[in-house]
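Features of the protein shown, as given by Swiss-Prot:
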- Cys116: active site (ACT_SITE)
- His257: active site (ACT_SITE)
- Asn287: active site (ACT_SITE)
- 258-262: region 'ACP-binding' (REGION)
Amino acid sequence: MNTLGSGLKIIGSGTAIADQSLTNQDLSNIVETSDEWIQSRTGMRQRYICSAQENLASLGVKAGQKALAMAGLQPEDLDLIILATSTPDDLFGTAAQIQGGLGATRAFAFDITAACSGFVVGLNVAAQFLRTGVYQRVLIVGGDVLSRWVDWSDRTTCVLFGDGAGAVVLQRQAQDNLLAFEMYTDGTGNGCLNLSYQANPQPLTAEKTVAQGTYQAITMNGREVYRFAVAKVPEIIEKVLFKAQLTTSDLDWVILHQANQRIMDAVGDRLGIPSEKIISNVGEYGNTSAASIPLALDQAVREGKIKEGDLIALAGFGAGLTWAASIVRW
């Protein structure tokens, strides 16, 4: 609970979708798969991927602009921009590119990497700047361009991932609408889901080498990721509800990382939460990593599902292994 006499509220949200739709039928022309095979295992019908003219920064700028418009703010009103991503356009950071693209000249900007938990982690990090009074308004962008790093010959992974970005604007206020949060890491499970650097040693002199190389395509142990998610996500949601002195019946909505419909169904069943309270758009967008939760959140807000005062559980989980959850009041 906040003990500093200062809280925060989400005052705007926005999304940006990549410009190319890739359907299950399209994928069946690339690898040995079918619409029935993909839908029965993942719930996905299509996903969107970036063309050569798009990148993470352009998606982040578009999502940020929409979030600012909903909030009724100008880019110059922002104090801080946090980008959650695992697929930056530049390894030195992409948040600064988004800051420049928005024209948010007053805002400090930095990247964080926490894979599919990244947006929730970014929300919890931003909250600390607001609660202490250091900043008044923060833009959080969750975005990934995973199509760059997919092995398009591997049908177990290439069917899963899409590209996109989602954003929210947080503003400091007296009442705290972030009621509780939890974050965890288990590095012993790191090998379950990877986008790894592979070094190729190159000689500099007769005695010295340098490990130059590149990143390899995404690899995943799907069975282990499923076991991890259905065990840890219900547990962390129960923990944040306990911290907030709430129960599952108090929740109006649950927004999970949109990894796979089977995982979301299993989490809902274990918590006894009706499926109509669990927001899902995985069928339309696939797994967009750090973008998935803000994409689902913004869509539900704009469709009029989420209303002022609603209690929402957000939970992300993924590579690391990391998992994080928050309870927010809209």
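Cβ atoms here come from the backbone N, Cα and C positions, even for glycine.
Overlay of Swiss-Prot annotations on the structure.
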{"residue": "Cys116", "record": "active site", "Cβ neighbours (10 Å)": "32"}
{"residue": "His257", "record": "active site", "Cβ neighbours (10 Å)": "31"}
{"residue": "Asn287", "record": "active site", "Cβ neighbours (10 Å)": "23"}
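Panel annotation: around the region 'ACP-binding' (258-262), residues 41-44, 116, 160, 225-226, 229, 280-283, 285-288, 292-293, 295-296, 317-318 of the same chain, lying at least six beyond its termini, place a Cβ under 8 Å from a Cβ of the stretch. Secondary structure of the region 'ACP-binding' (258-262), assigned with DSSP and counted as helix (H, G, I), strand (E, B) and coil, comes to 2 helix, 0 strand, 3 coil. Cys116 (active site) and His257 (active site) have their C-alpha atoms 7 Å apart, to the nearest angstrom.
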